[in-house]
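Novice: Take this structure, written in structure tokens, and hold onto it; I'll ask about it next.
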Protein chains: 2
Amino acid sequence: MTEEKTVTEWGNPATGLTLKITGVLHEEQTPYQHIQIVDTLQYGRMMILDGVFQTSVKDEWMYHEMIAHVPLMLHPNPQRVLIIGGGDGGCAREVCRHACVTSIDLCDIDQRVYDLSKEYFPSIASALLNPPEKLHVHTGDGIAFAKQFEDYYDVIIIDCSDPVGPGEGLFTRDFYRSAFRALKKDGILVQQSESPIVQQPLVHAVYEAMGDVFPLVRMYYSHVPIYPACMHSFMMASKKYDPLKDEARTDCPQPMKYYNRDIQKSAFVLPEFVKECLRGNYSF
Amino acid sequence: MTEEKTVTEWGNPATGLTLKITGVLHEEQTPYQHIQIVDTLQYGRMMILDGVFQTSVKDEWMYHEMIAHVPLMLHPNPQRVLIIGGGDGGCAREVCRHACVTSIDLCDIDQRVYDLSKEYFPSIASALLNPPEKLHVHTGDGIAFAKQFEDYYDVIIIDCSDPVGPGEGLFTRDFYRSAFRALKKDGILVQQSESPIVQQPLVHAVYEAMGDVFPLVRMYYSHVPIYPACMHSFMMASKKYDPLKDEARTDCPQPMKYYNRDIQKSAFVLPEFVKECLRGNYSF
């Protein structure tokens, strides 16, 4: 007979997601953040960084498939990919599935996220546990890492935590300019950009900042139930390809649990209030 | 200095949505259900029925626009509409905006929902407060009400609470057969059908039950942040029109806060796990 326990994440000061948990497996303070690993009743094992629900074994594909495959399928021939953040390995796992991709740099700042993901989340960290030759894992500052490259990557994916703590610098115009330089002339950048319901000013700020650097910015979304209000945005900044006009490739790896060819287009179809949010008019 | 209070709805025994509240305005037990009216910090004033978050002034249009306009725009000339449930008036308000609709029957079982909505939610209940001639408000059992009609309605909308309590009979094959009879030969039925993430077996059951009665059933979704996991399903059962093939009308009332012409199609584009859920294979 164990006492019933819950964990609540406050997406903003007014709304929280509360999950029943059956156990706390690990807890530590790294030089960068506070890490907790808990078992939840609904979504299985879950990683929490600085109090924010990060990924769980039962919902992670709703996030990882969508952050990886939407930009990779829009690009006609993505070969070199950079992932910044993503220390749980889930995004890298999905990128590895694309045969056309020949080289993946994965750069997370916190070695402990790599270590704990391999220990506690083997299904998410499978690419870290058995890395294919094309996956190169780095530990360090993603901003400094990206600065080394010019006209090099086809796709850059920013799989970061919220813009407080270690992820903060990844939400700046300075960083977007580095990423722009590191991308080839038809390169695509995608970044997770929080909730267009609960974090509207942030979504707008990312849209504006990317728009100052890239010729084209489009928002798309996925449903991620462990994130605030579940509707989760990804901001795509592109030098050439437009997801609303250009056809995606058809050779997507199979099977998928979330992504499909129709979602590639419909994920960019936004309700009116989200369009307004991107213009700086907030509903909440 | 008021003490900080919260209210939590458990979407299932494992996941809850917790909202900060600034006041409890009303609480009563009617013959049908327990009604609470609270002010929330994030979504404004909110109605709670039997502990389940029902509608709030700040997010109600994400639900009401989508339950009303998707079937009404798919039908080429909807004239007679029946709304079962919907005692807050939000669905009726949206249906009233369609000039082609000449007669709306609204039938909620609980007179107190009508009364309290008019008193505490004037923006949602505007059609109840100033009813246009075409709106006919009834208080009573929607199942019995629908049984009186044959070959009569163009669109029936089931804007009900969860299938426990007063809403239970609205989720049965018997009721769907009555609704089928009450609809004209090209009629459309839409019912709110809970969360395809947190209530997968229920979504599957509604899909199966409607499919036993109607030739065509399609699921679509909206984002409703006060509902469990936010991704909220609507089940459309149709005698003739197919939302995936037939073009919707173009004369939608304006302005909208959620609905637009592209959403009319994209709301039916389902992630792979939702398609699997409709086949009876659950992810959660």
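Quick reminder: no glycine exception, Cβ is built from N, Cα and C everywhere.
Remember, TrEMBL labels are computer predictions, not curated facts.
Pulled these from TrEMBL:
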- A:1-239: domain 'PABS' (DOMAIN)
- A:Gln33, A:Asp108, A:Asp141, A:Gly142, A:Pro166: S-methyl-5'-thioadenosine binding site (BINDING)
- A:His64, A:Asp88, A:Asp159, A:Cys160, A:Ser161, A:Asp162: spermidine binding site (BINDING)
- A:Asp159: active site, proton acceptor (ACT_SITE)
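Can you tell me where each of these features sits in the structure?
Specialist: If you average pLDDT over the domain 'PABS' (A:1-239) in this model, you get 96.
Residue environment of A:Gln33 (S-methyl-5'-thioadenosine binding site) contains 22 other Cβ atoms, counted within 10 Å of its Cβ in all protein chains.
A:Asp162 (spermidine binding site) falls outside any helix or strand according to DSSP and counts as coil. Cβ-based neighbour count (10 Å, all protein chains) for A:Asp162 (spermidine binding site) stands at 20.
Shown in sequence order, A:Ile67, A:Ile83, A:Ile84, A:Gly85, A:Gly86, A:Gly90, A:Cys91, A:Gln192 are the residues of the chain, 6+ apart in sequence, with a C-beta less than 8 angstroms from the C-beta of A:Asp159 (spermidine binding site).
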Novice: List every residue in the same chain as A:Gly142 (S-methyl-5'-thioadenosine binding site), at least 6 positions away in sequence, whose Cβ is under 8 Å from its Cβ.
Specialist: A:Ile84, A:Gly85, A:Cys107, A:Asp108, A:Ile109, A:Ile158, A:Cys160, A:Leu170
Novice: Quick one: of A:Asp88, A:Asp108, A:Asp141, which of the binding-site residues has the smallest count of other CB atoms within 10 A?
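Specialist: Sparsest of the binding-site residues A:Asp88, A:Asp108, A:Asp141 by Cβ contacts within 10 Å: A:Asp141.
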Novice: Compute the C-alpha separation of A:Gln33 (S-methyl-5'-thioadenosine binding site) from A:Ser161 (spermidine binding site), stating it in Å without decimals.
Specialist: 10
Novice: Taking the residues the record says bind spermidine (A:His64, A:Asp88, A:Asp159, A:Cys160, A:Ser161, A:Asp162), how far apart in Å are the two Cα atoms that sit farthest from each other?
Specialist: 16
Novice: If H, G and I count as helix, E and B as strand, and all else as coil, what does DSSP give for A:Asp88 (spermidine binding site)?
Specialist: coil
Novice: Counting distance between Cα atoms, which of the binding-site residues A:His64, A:Ser161, A:Asp162 is nearest A:Asp141 (S-methyl-5'-thioadenosine binding site)?
Specialist: A:Ser161
Novice: Taking the centroid of the Cβ atoms of A:Gln33, A:Asp108, A:Asp141, A:Gly142, A:Pro166 as the S-methyl-5'-thioadenosine site, which other residues of that chain lie with their Cβ within 8 Å of it, listed in sequence order?
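Specialist: Result: A:Tyr32, A:Ile84, A:Gly85, A:Gly87, A:Ile109, A:Asp110, A:Gly140, A:Cys160, A:Gly167.
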